[in-house]
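Heads up, the thing below is written out as C-alpha cells.
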C-alpha cells in the first residue's frame with residue numbers, strides 16, 4: 001500500500017466547491033495574459049519540508065511517522081521516499097520538484113559512499129521523472145546540517161571543510177544537469193558569523209567568492225544551461241549571513257565579477273526577516289537585473305524566525321506577481337513551495353491541504369495582478385509622476401549635460417521654486433484593493 005493510496009488526484013472544481021481535496025481557483029489550463037496558469041506559475045514542491053522534515057522543533061522530537069523515516073536500509077528508504085514523493089507530485093498535478101542532495105540520498109560515512117549513493121538515487125530519480133513527466137526545477141547541496149559546517153562551508157576556517165563542500169556541490173550540480181534541472185541554487189545557510197570576535201571578514205568573503213567562481217567554472221565546463229541562483233537570507237542559523245538580502249547579494253556579485261553569472265532565488269519569509277516586503281525584494285531584483293526564481297511561503301509576523309508556512313495572503317502575492325508579470329514572467333525560475341505543514345498536522349491529507357490552498361492563492365494572485373497590468377492605472381500614474389524627467393530639462397540632467405555648478409546656475413537663471421505634488425498613495429492602495437476584491 002502506498003502512503004497516499006487513499007487520496008484521489010486533485011482536480012479543479014471551481015470556487016463553489018466544498019471539497020477540501022480539490023482546486024477552487026487553480027485551473028491550470030486557464031489563460032491569463034496569453035499564458036496558462038500552469039505556465040505562469042511553474043509550481044514546484046520541495047523535498048525537504050514535505051518528505052524529510054520529521055516534525056521536530058527545538059523543544060520536542062518528531063511528530064510525523066512517515067514510512068520512509070522508519071528504521072531499515074538507508075537506500076531502500078530513499079527509494080521509498082522517492083516513490084511517495086512522485087506519487088504526491090502526480091496526484092497534486094504539480095509539474096516540478098526541488099531537492100538538496102541529502103534530501104534524496106543517504107549521506108553515507110565518507111565521500112565515497114556519499115558519491116555512490118547519490119549516483120544511484122540520481123538514476124532512480126531520472127526513471128521517476130521519465131515515467132511521470134515531472135521535472136526538476138532546481139537542485140542544491142545541503143552545506144549546513146552536518147556538524148562539519150558549524151562554522152560555514154565556503155567560509156569555514158578549515159580548508160578541508162571547504163573542499164568537502166566543493167565535492168558536494170560538484171556532485172549536486174552534476175546531478176541537476178543529469179536530471180535536466182532548470183536552475184541550481186546556492187543557499188549559504190551558515191555562510192556568515194555568530195560573533196565578529198573570532199571572524200576574519202575579509203578572508204571569509206574572499207573564500208565565498210572563490211567558491212562561487214569555482215561553481216560558475218564547473219557549470220560552464222559541464223555545459224549547464226540553467227541559471228545559477230543565490231538565495232538571500234539575513235540571519236538564522238547564523239547571527240549575520242553574507243547573503244543578507246537582494247541588494248547585498250548584488251553588491252557582492254558586482255564586487256567579485258559574478259553579476260553576469262548568478263541571479264537570486266527570493267524567499268518570501270527571508271525577505272521579511274531582512275525587514276523588507278516580498279514585493280520589495282522582487283522589485284529590487286528586477287531593478288538590478290538579477291531576478292531568477294521564488295520560494296513561496298510566509299512567516300508569522302509575531303515570530304522573529306523562519307516559520308516557512310504556506311502562503312495565504314492573496315494581497316501580498318498579487319503585488320509579487322504584479323512585478324513578475326510586468327517583467328515578462330519566469331524564464332528558468334518558478335514558484336517553489338519552501339513551505340511545511342505545522343508540527344501538529346500529522347495526517348497525509350494535511351500535506352495536500354497545505355499545497356492546495358497555497359496553489360489556489362497563487363492562481364488568484366496571478367489573475368488579480370493581470371487586472372492591474374491590463375487597467376494600467378498604477379503605471380499611468382508613475383509615468384505622469386516622473387514625466388518631468390522625460391521632458392528636455394530632465395533628459396539633459398539625466399544624460400550628464402550639466403555639471404553641479406552649471407545646474408545650480410540654470411536653476412538660478414530659471415528662478416526655480418518647485419512645489420510638491422501629491423503622491424496619491426491612498427488612491428494607489430485603493431486601486432490595488434479594487435483589483436483584488438472586485439476583479440477590476
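Glycine too: its Cβ is placed from the backbone N, Cα and C atoms.
The Mg(2+) 1 site recorded in Swiss-Prot includes 231, 267, 295, and the single candidate from 194, 200, 206, 338 that the record places there is 338. Listed in sequence order, the recorded positions from 100, 103, 231, 338 having a Cα within 10 Å of the Cα of residue 308 (Mg(2+) 2 binding site) are 338. Considering only the binding-site residues 231, 267, 306, 308, 338, the Cβ with the fewest other Cβ atoms within 10 Å is that of 306. Other than 267, 270, 306, 308, the residues of this chain whose Cβ falls within 8 Å of the Cβ centroid of the Mg(2+) 2 site are, in sequence order, 233, 268, 269, 273, 295, 297, 299, 307, 338.
Look at residue 100 (active site): DSSP puts it in a strand. Here the CA atom of residue 231 (Mg(2+) 1 binding site) lies 14 Å from the CA atom of residue 100 (active site). Long-range Cβ neighbours of residue 295 (Mg(2+) 1 binding site) (same chain, at least 6 residues apart, Cβ-Cβ under 8 Å): 231, 265, 266, 267, 268, 269, 270, 336, 337, 338.
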